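Asks: Per TrEMBL, signal peptide is recorded for 1-24. Annotation comment: TrEMBL describes CYS49-CYS341, CYS213-CYS227, CYS366-CYS377, CYS371-CYS423, CYS425-CYS431 as disulfide bond. Residues annotated as active site, proton donor in TrEMBL: GLU137. Summarising the annotation, TrEMBL assigns N-linked glycosylation site to ASN358.
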Amino acid sequence: RRSWLTTCAIICSWLLILVHSAFCQKPAKLPLVGRKPFLAAWNAPLDMCTLKHNINVSLELFHIRGSPRAVHTGQNVTIFYANRLGYYPFYNEQGVPINGGLPQNSSLEAHLHKARKDIAHFIPSEDFRGLAVIDWEFWRPQWNRNWHKKDIYRQRSRELIAQAYLNVTEEQVEELARLRFEKSAMEFMQGTLKLGTQTRPHGLWGFYLYPDCHNYNVHAHNYSGTCPLQESQRNDQLFWLWNSSTAFFPALAIRKDHMDSICNLHFSQNRVLESLRLASLTSLPYELPTFVYTRLGYRDEAMAFLTQKDLIHTIGESAALGAAGFVIWGDLNLTSSRHNCSKVKAFLNYRLGQYITNVTQAAEICSDLLCQTNGRCVRRDPQAPHYLHLSQSHQISRKDGKYVVTGTPSPSDLTYWKNKFTCQCYEVRKCTDRCLIHLIFQCGSKLFSVNVRDFRFISRSTEITRRITMCNKL
């Protein structure tokens with residue numbers, strides 16, 4: 001009976017969340033850069049191509065950039081690995097404890113003292129307005145999620161309790177070990193986020209891979225990508241983590257053996273949706289921004305770069321669902337040889353560069369026209385195959401090493417956006433998903449035959465008034 005009541009309570013809570021989301025959607029946080037509704041960020045050590053192989057690769061395509069190499073500081077994309085922020089406790093691959101090994105066996109005070117110095121070193125500007133990503137992957141803060149190689153944290157936690165208490169049962173050891181571990185893990189993660197948001201309050205702080213949907217069973221028959229119910233429940237229990245973060249950084253690392261398959265779409269879609277669900281549950285008055293981490297290549301073959309279809313399955317899907325942006329991550333393998341650097345440059349200059357230009361410009365134009373630049377376009381039906389892509393009325397070309405978009409949205413483009421997308425307004429902004437579209441239809445497309453970049457001006461009330469006057473004269 002207790003199990004049945006628990007199930008009913010969970011279902012009811014989910015229904016309440018769905019109803020609340022449908023009728024009381026939180027506004028989005030204002031974009032990090034200008035009014036770019038979908039941000040492109042770079043976080044790979046491509047500078048090594050210049051240093052080692054004299055191959056220069058332009059990254060102007062990306063709104064913000066940062067190399068994960070420790071020699072770089074003051075970047076607007078900063079990633080803190082395990083050895084770069086305080087005294088993060090973990091066991092290395094040989095099972096040797098580093099900084100005490102377990103969070104409950106390490107000094108939080110000493111960790112935060114050093115972390116403060118590390119933040120000042122890697123992010124010297126107190127006015128930092130970028131992404132601050134903490135990459136702690138050795139253990140997870142929930143006891144039941146430390147499986148496989150991470151089971152060492154449960155084993156050592158049990159040993160610690162067994163050594164401290166003599167007359168306890170196995171069940172008591174298990175429960176005490178779990179409580180001590182989870183409490184200390186929470187204090188380490190929450191305390192580090194609090195320190196980051198206090199010292200660099202304008203930055204967006206969060207943990208890499210969080211939230212995680214744990215929908216990795218892509219080989220399963222009839223794989224749907226849905227987050228297991230148990231994992232969504234565990235995510236709900238991490239409210240303290242979501243409430244301490246100022247951004248989410250889930251990851252979409254897809255496998256080559258599922259290249260171009262619907263499995264990659266299902267995998268990505270559900271991971272982004274889970275992040276967006278949790279982003280609306282915090283105590284903040286706006287939805288936390290989700291920046292999706294992805295890669296140039298596949299998880300199981302880094303130098304086999306994503307196909308056009310899989311770029312849509314990852315970056316395109318994230319944009320359509322309402323993510324704030326994406327971050328391309330890479331390690332030194334990308335730059336280990338001249339051949340690899342040349343391959344990365346070609347991918348950036350053509351397939352990837354063209355697609356990023358396509359989706360970021362489409363997101364911006366849709367925001368301008370549908371939301372008066374005061375919100376981002378979000379797919380009405382999360383599962384529908386509708387994307388923020390430029391139509392054939394636009395042309396993407398390269399000029400002086402940069403991508404240039406020419407053309408204007410057609411009436412059919414506007415109808416498509418209006419019917420398939422809605423506006424999620426930014427905090428303290430007002431927007432509607434019909435005003436400018438209606439105006440365009442009333443006036444006719446000829447009045448709007450201007451360059452793509454000029455569309456942002458029609459959101460100004462004086463310009464709207466002028467064009468309405470022109471309409472009335474027709």
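Quick reminder: no glycine exception, Cβ is built from N, Cα and C everywhere.
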Asks: Whole-number Å distance between the CA of the residue listed as 'N-linked glycosylation site' and the CA of CYS431 (disulfide bond)?
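Replies: Pair distance, Cα basis, whole Å: 24 Å.
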Asks: Would you count the other CB atoms within 10 A of the CB of CYS213 (disulfide bond), including those on all shown protein chains?
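Replies: Cβ-Cβ neighbours of CYS213 (disulfide bond) within 10 Å number 23.
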Asks: Measuring CB to CB from CYS366 (disulfide bond), give everything in the same chain under 8 Å that is also at least six residues away in sequence.
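Replies: In sequence order, the residues whose Cβ lies under 8 Å from that of CYS366 (disulfide bond) (at least 6 apart) are PRO37, CYS377, LEU388, TRP417, PHE421.
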Asks: Distance check, please: Cα of CYS213 (disulfide bond) against Cα of CYS371 (disulfide bond), rounded to an integer number of angstrom.
Replies: 30
Asks: Spatially, and counting Cα to Cα, which of the recorded positions is closest to CYS341 (disulfide bond)? Options: GLU137, CYS371, CYS423, CYS425, CYS431.
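Replies: Nearest listed residue in space: GLU137.
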Asks: Based on Cα distances to CYS49 (disulfide bond), point out the closest of the recorded positions GLU137, CYS227, CYS425, CYS431.
Replies: GLU137
Asks: Round to a whole number and give the Cα-to-Cα distance in Å for the pair CYS431 (disulfide bond) and CYS227 (disulfide bond).
Replies: 32
Asks: Once the chains shown are all counted, how many other Cβ atoms turn up within 10 Å of the Cβ of CYS377 (disulfide bond)?
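Replies: Taking all protein chains shown, CYS377 (disulfide bond) has 29 Cβ neighbours within 10 Å.
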Asks: Could you say which of the disulfide-bonded residues CYS49, CYS371, CYS423, CYS425 has its Cβ with the most other Cβ atoms inside 10 Å?
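Replies: That would be CYS371, with the most Cβ atoms nearby.
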Asks: Measuring Cα to Cα, how far is CYS371 (disulfide bond) from GLU137 (active site, proton donor) in Å?
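Replies: On Cα coordinates alone, these residues lie 38 Å apart.
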Asks: Give me the long-range Cβ neighbours of the residue listed as 'active site, proton donor': same chain, 6+ apart, Cβ under 8 Å, in sequence order.
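Replies: Listed in sequence order, they are ALA82, TYR208, LEU209.
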Asks: Including all protein chains displayed, how many Cβ atoms other than that of ASN358 (N-linked glycosylation site) lie within 10 Å of its Cβ?
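Replies: Around the Cβ of ASN358 (N-linked glycosylation site), 23 other Cβ atoms lie within 10 Å.
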Asks: Taking DSSP three-state, what's CYS377 (disulfide bond) in: helix, strand or coil?
Replies: strand
